[in-house]
Each structure stands twice: as C-alpha cells, then as structure tokens.
Amino acid sequence: MPNQHGTAPKQQRQVPSFDAPRPPGATGALVLADGTVLWGKGIGATGSNVGEVVFNTAMTGYQETLTDPSYAGQIITFTFPHIGNIGTNAEDIETTTPAARGLILRADITEPANWRSTKHLDSWLKANNIVGLSGIDTRALTRRIRSKGAPNGVVVHAPDGEFDLPTLWAKAADWPGLEGMDLALEVTSAQPYSWDESEWSLRGGYGKQASPKFHVVALDYGAKRNILRCLAASGCKVTVLPAQSSAEDVLAHKPDGVFLSNGPGDPAATGDYAVPMIQGVLKAGVPLFGICLGHQMLALALGAKTFKMDTGHRGANHPVKDLATGRVEITSQNHGFVVDETSLPAGVKVTHRSLFDQSVEGIAVDGKPVFSVQYHPEASPGPQDAHYLFDRFVGLMEKR
Ligand SMILES: NC(=O)CC[C@H](N)C(=O)O
C-alpha cells in the first residue's frame, strides 16, 4: 500500500515509465515519488536533492524563508510568482547555513531592484548550494499538495539537461519521509553560546535593545535568529544550548526562563532527549515558552501527542484566534505537524486556534508559568501581530 506521500514499499512498487518526450531546453525537473515529472529550468546550484515538497504562500521574505532551519528536509514551492525582486543581503537570514533542500518557482528569478541587495538570488542559491527550479506551474503543484498531501520528491538541475529519471525517481521513492525523522540534531548548534546582539542589529520595529533584566536559556532545535533577537529586545540575556542538553545542563545556568525553539522534522522523533529535559524544567517551576517545534515538544512532555498534517501551514497571513481575548492575529506559520487536541491532559488548555482549520495554535498549563504557540510571533517573514507573546514571557519571569 502506498502511504500518504505516495511512497510504496520497494518490493511492491512499479517503476513508472518515463517515456514521455522531454521538452527541449529543460535543464531541471521535479520528480515525485509517484512518478510524476514536472519539467522546468534549473536555477541556483546544480545537482539534485530529495525532500518533502511543500508550499509557502507568503508574498515577501523569500530569503528568511529559505534560511529558516525548520525547512530542513523540505523543498519549498513559492506560490508568489515574483521571487528575487529584492535580491539577497547578509542581514535577512535566519541562519548562516540554510537547510532547505530546494525551491520551486513559477517565473524566472526576478531581477533585483533594491538598495539593500548585495547579491542576485541565483548567485546566492549557488553560494549556498541550494538547487532550484523555475517555470513550474506552482498553482497546479499547490493544488496537488492540497488534495493529496505533501509528496516526497527530488529536485534536479543539470545545465546539459542530462539526468536519469529512473534513478532520480528511486531516490524520491526510497526516501523515508519526514514522519519519524529527527532533523533537529542536524541543525542545532554544536556548542553553547551567548546570543550577541551587537553582531546582529535589531530590525523591523522591535526598537532598541533593552538592557537585560532576565537570563533565558534557549534550547536550539534549529532556532531562527529573529526569535533570539526578539528575546533580547524584550530584555533578556540569551544563552543558547544544543538540542541534547539535559535538564541539569539547563538549570545549571540558573535561568529565569527557558525557551524551546522552532525546528525541523517530526517532534515525536526528538522525544528521548527533549521530553526528559522539559519535564525536568517543568518540575523546577521555571517559566517556559515554546514556539512551533518547541510548542510540540512541550505538549509531548506534558503527555500529549502530535501527528502529521496532510498539507501543513506555511505562509504569512494565517488567522489565529486568541481564545482568552477573542482577538484575531494574522500570523506567520511554517509547520507540518500539530498537537492532537484530544490527547491534551487535564490542566492543559488550548489558548489559540487556527481559523483556517480549527487546529491547536497555542497551549498553556493552568496555574503555571508555561505556554507555547504553534505559529511564529517573531515573524521574519510575516506580520508582527503576535509579538506581545515575548512580553508575556517576560511578564511571567517578572512575576516569579
Ligand atoms: N517551524 C517549526 O518549528 C516546525 C515544527 C515541525 N518541524 C513541523 O513541521 O511541524
């Protein structure tokens, strides 16, 4: 039986026929695990890469999106057609080593016209070894993902047009998929470090750096820089620790608060290290705040379950309702797994809900300084409606 990604076990699967004529001039393709081939023009680095093919509907912020470590293991389809128009620069990055496995565009890369641009997107993709494809009917691809779920696929770019479809297809069909895959360990920092605000200027309306009042230990599962910036701007000195740090490692820093970062892969696959660490911190009563993967890990540590969504949420205009105030926030999102509401134990309440599909967007523990959200209050890219959550975290530390 093929699973939801269209991947069938090796012994059962049929090698698709790849006899259809290759369009002249095709220098790239997307080969899906079900044998579908979408021909296009290769962009960025040459070579091929396998991953889960997802789509992002944000109209801005392609450089932040491509450098968000949560995209490890994924090939990003941009539904917005003008990608490249502001070029790239050295500031709008969420990590120095992008983890996304490829990108799919409708149109050719737009020529840059922006005073901050220091490099054309195509050269930047090459420098960062990201393989891409343009000339793809991204609307059709997105509709396919929406109706059948995110497929596994291989993106290939070969300037001479020479690539072997059966080999690429086998790479897609053999890839196990994100379910059960721990990718946080691929993108976490190897060493602890202090977030140095002087190196990375505060941007975008968060104001100047506040002098630190609280010490926050941030667990790095693939943390976006703008989260660390937002914590610093809210008055926190931030110590970043590697993903596999234990509760003892964390508490040895005598933190006023502990932050659980975003990150790639399946949250349930990180259970052996993240869950005991979080449980130790919960026991110590230290205020806890989690974003996205961190939110999912907190739910797991509280005894709940997560599961893989068919399509996921990736974009910059997702409406979320704060159930306490009734206020609707427009949020930035990037996730493919979600907390199973029915598995939440007594004493853990849903605080935020997606107005697209009613799924859980935030939780809090009754009477404890512990909360998390599925979406991205730090934006980058996206609106800043939810920035108040950083102040809420600081408020909990203040109270304690
Ligand atoms: N942005 C994130 O932290 C993503 C969390 C998790 N990897 C998911 O896809 O659901």
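From the backbone N, Cα and C atoms, a Cβ is placed for every residue, glycine too.
Annotations in TrEMBL come from automatic prediction, not curation.
The candidate list SER17, SER48, SER70 contains one residue that TrEMBL assigns to the L-glutamine site with GLY263, GLY265, LEU293, GLN296, ASN334, GLY336, PHE337, namely SER70. Using a 10 Å radius centred on the Cβ of PHE337 (L-glutamine binding site) and all shown protein chains, the other Cβ atoms total 21. What surrounds the L-glutamine site, by Cβ distance within 8 Å of the Cβ centroid and not counting SER70, GLY263, GLY265, LEU293, GLN296, ASN334, GLY336, PHE337, is the set ASN262, PRO264, ASP266, PRO267, CYS292, HIS335 from the same chain. Taking a C-beta cut-off of under 8 Å and a sequence gap of six or more, LEU293 (L-glutamine binding site) has these contacts in its own chain: SER70, ALA184, TYR221, GLY222, LEU260, SER261, ASN262, GLY263, PRO264, GLY265, PRO267, THR270, HIS335. Of all the binding-site residues listed here (GLY263, GLY265, GLY336), it is GLY336 whose C-beta has the fewest other C-beta atoms within 10 angstroms. Within the set of active-site residues CYS292, HIS376, GLU378, the entry lying nearest in space to PHE337 (L-glutamine binding site) is CYS292 (CA atoms). Around the Cβ of GLN296 (L-glutamine binding site), a 10 Å sphere holds 31 further Cβ atoms from the protein chains shown.
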